[in-house]
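Here's what Swiss-Prot has on this protein:
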TRANSIT   1-58  transit peptide
BINDING   175, 176, 177, 178  1,2-diacylglycero-3-phosphoethanolamine binding site
């Protein structure tokens, strides 16, 4: 497993090429799938949550029938623990499009890791009331966790480091730093799901503090890559345990 992950996550500028912007989505911005999922996220998920009702309503808004669910379900494995495949695609769409938006921000000029990290956190603000459900889906054991959730978390970490021009680390330390950034993002989402402060001020403060903790590791990114994956898995397990406690 770790050899496969090494190939996927070793630094590669092709990962940031314009032609690959929407990978691993299997459709473009002008496709019905993209339009329906975007509409669902913007208009219906904040109220209804990540479910088929949000997708069907979005499809209806745009003049598409409920048959769009079949097209959206195609790229994913059969439903896991009562989570429909189309809903898994909606979650994937959310993760990918919000990550891709970081490239647009970076194109405007020099940006820091903190600026990009906070932008990604802010992108989840409209869904704050649905983050508990989102994190539950992301942490479900199975193919979606291995093939989508964890790879997307690592792609997010990689993009944050790449676009901010952060000092990077070679070889094994490369994995550890990305695991730490991914953990910071996951824990910030978990905090936001329970934050009741005005304008989510405490979440933003928490996000800055977690990012500072990543920076404070400095040259300590010398753990083996298995430990990096272990740490991220522990973060996902922490999410599951916290969600179970309510």
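Glycine residues also receive a Cβ, built from the backbone N, Cα and C atoms like all the rest.
What you are looking at is a predicted structure, and each value in this text was computed from that prediction instead of being measured.
Annotated features taken from Swiss-Prot, shown on the structure.
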| residue | record | Cβ neighbours (10 Å) |
| --- | --- | --- |
| 175 | 1,2-diacylglycero-3-phosphoethanolamine binding site | 27 |
| 176 | 1,2-diacylglycero-3-phosphoethanolamine binding site | 21 |
| 177 | 1,2-diacylglycero-3-phosphoethanolamine binding site | 23 |
| 178 | 1,2-diacylglycero-3-phosphoethanolamine binding site | 24 |
